[in-house]
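Each remark here refers to the structure printed beneath this line.
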Amino acid sequence: MTNSHNIRHTEHLIIGFGKAGKTLAQTLAKAGKEVILVEKSADMYGGTCINIGCIPSKKLAFLSHERDVSLSDAIARKNQLIAKLNQANFDKVNELDNATVITGEASFIDDKTVQVTTADDTLKITADHIHINTGAYNWQPPIDGLKDSKFAHDSTSIMQLTQLPKQLVIIGGGYIGLEFAFIFAGFGSVVTILETADTFLPKEDADIRQNLLGIMANKHITVKTKQQIKQVNDANNHAVVVTEDGELMADAILVATGRRANTQGLNLDKAGVKLTDKGNIAVNDRLQTSVPHIYAMGDVAGSPQFTYISLDDYRVVKSQVLGDGTHTTKGRTFAYAVFTNPPLANVGMTEQVAKEQGHAVKTAVLEAVNIPKAKILEQTDGLLKAVIDAKTDKILGVQLLCDNAHELINFMDLAIRQGLTYQEVRDYIFTHPTMSEALNELFAQFG
């Protein structure tokens with residue numbers, strides 16, 4: 001492929017090196033299908049999670065708990081890890097006999113043809129099936145002065161800071177902003193979160209939310225709700241964030257106001273691929289777009305923005321193109337975790353949601369300070385909560401704010417999926433001393 005007249009055909013063209021895309025490429029190639037994977041940037045081999053999302057942020061979260069590790073040291077160690085993972089992810093696909101990775105920008109010509117512009121060439125690729133896995137980008141609200149502020153960062157650029165900001169202001173009170181609040185507070189920053197909504201983390205039950213807010217206050221993290229930001233002004237060595245309530249000085253500003261589907265430049269209209277009102281690619285429960293042989297997976301398809309959901313999207317598409325088509329997104333449930341310190345994890349219904357859906361409920365709570373393993377780990381902050389159906393004794397939901405919550409929640413997800421009663425978890429034999437055995441005590445409170 002060396003000149004602009006090259007046309008190449010493949011069975012499967014994958015646009016985007018995300019979790020779903022790269023996994024699908026490997027599976028298809030190993031099944032004997034010809035695959036071309038197009039990625040816009042070599043910096044993104046492996047996708048958002050590997051390069052600018054889950055892995056680097058969780059590496060920093062881990063290092064922020066360590067004594068005598070500076071932010072600059074942590075950034076350097078994070079970068080070393082990401083470089084290795086980036087190359088490994090490229091090799092896992094490109095070394096397969098039936099797979100080719102092309103670094104370039106993809107743009108639809110029609111529903112079967114995509115133009116790919118590389119650093120030194122323009123190619124045309126036709127394909128029987130096309131799979132879009134281009135992820136999402138950081139969205140920035142139109143606040144006066146924010147775009148031009150040299151102190152403003154998104155979740156990507158803030159992970160390259162080498163000088164610790166004494167005062168960090170985070171615009172947006174969602175889970176991304178929350179994780180970075182704990183990361184930078186762990187390294188020594190004083191953090192202020194500005195949230196426009198009336199309630200911080202409204203999806204969490206009030207008792208869990210209040211417990212978390214207490215932990216945050218002890219770590220010099222302040223949350224301000226009902227905040228309308230009017231403008232951002234740069235001074236010589238800091239920024240000033242102006243709200244209706246006053247002014248805040250910031251050595252750095254993190255804009256964490258959400259991520260939106262990355263469809264720019266794809267020219268989806270030329271392929272007949274439709275978007276939703278929110279700008280996501282519209283898909284059915286088999287992840288087919290408005291053009292049946294074109295699929296979309298992960299964030300760009302409006303799927304919940306978690307890497308493990310992108311992985312399940314891969315399973316859905318695999319089922320359509322290699323299997324019997326029975327694996328769909330219909331009725332999909334999942335747990336989620338936020339890597340605060342300690343972590344926050346949730347699965348199933350909260351007490352509030354269960355009541356809204358008409359369940360007669362019982363609840364139980366357990367303070368983390370009562371868990372022997374938490375004392376061993378010297379991490380006794382937090383609260384565990386369970387919600388059960390008062391009539392059937394089945395577990396409806398669990399919220400965990402404690403050490404290893406992100407691990408424990410997967411067991412509870414399985415328990416809920418299998419329709420277990422609280423007695424079955426209460427009497428389960430866990431190893432000791434572990435955080436998981438706290439589930440015995442939590443569910444024992446029901447009787």
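Placement of Cβ uses the backbone N, Cα and C atoms for every residue, glycine included.
TrEMBL: automatically predicted annotations, no manual curation.
In three-state terms derived from DSSP, His432 (active site, proton acceptor) belongs to neither a helical nor a strand segment and is classed as coil. Among the features that TrEMBL reports, active site, proton acceptor is placed at His432.
Residues annotated as FAD binding site in TrEMBL: Lys58, Asp299. When Cβ atoms from all protein chains are considered, those within 10 Å of Lys58 (FAD binding site) total 16, not counting its own.
Under the three-state DSSP scheme, Glu195 (NAD(+) binding site) falls in the coil class. Summarising the annotation, TrEMBL assigns NAD(+) binding site to Gly172, Gly173, Gly174, Tyr175, Ile176, Gly177, Leu178, Glu179, Glu195, Gly258.
Annotated disulfide bond per TrEMBL: Cys49-Cys54, in sequence order. Cys54 (disulfide bond) falls within a helical segment according to DSSP.
Taken from TrEMBL, the feature domain 'FAD/NAD(P)-binding' applies to 12-309.
With helix defined as DSSP H, G or I and strand as E or B, the domain 'Pyridine nucleotide-disulphide oxidoreductase dimerisation' (336-441) counts 37 helix, 31 strand, 38 coil. Among the features that TrEMBL reports, domain 'Pyridine nucleotide-disulphide oxidoreductase dimerisation' is placed at 336-441.
According to TrEMBL, the feature transmembrane segment maps to 168-194.
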Which are the residues of the chain, Gly172, Gly173, Gly174, Tyr175, Ile176, Gly177, Leu178, Glu179, Glu195, Gly258 excluded, whose CB is within 8 A of where the CB atoms of the NAD(+) site average out, their centroid? Ile170, Ile193, Ala256
Counting only residues 6+ away in sequence within the same chain, which have a CB under 8 Å from the CB of His432 (active site, proton acceptor)? Pro372
Find the one among the binding-site residues Gly174, Ile176, Glu195 whose C-alpha lies closest to that of Cys49 (disulfide bond). Ile176
Compute all pairwise C-alpha distances among Gly172, Gly173, Gly174, Tyr175, Ile176, Gly177, Leu178, Glu179, Glu195, Gly258, the residues listed as binding NAD(+), and give the largest one in whole angstrom. 15
Integer Å value for the Cα distance linking Leu178 (NAD(+) binding site) with Lys58 (FAD binding site) is 13
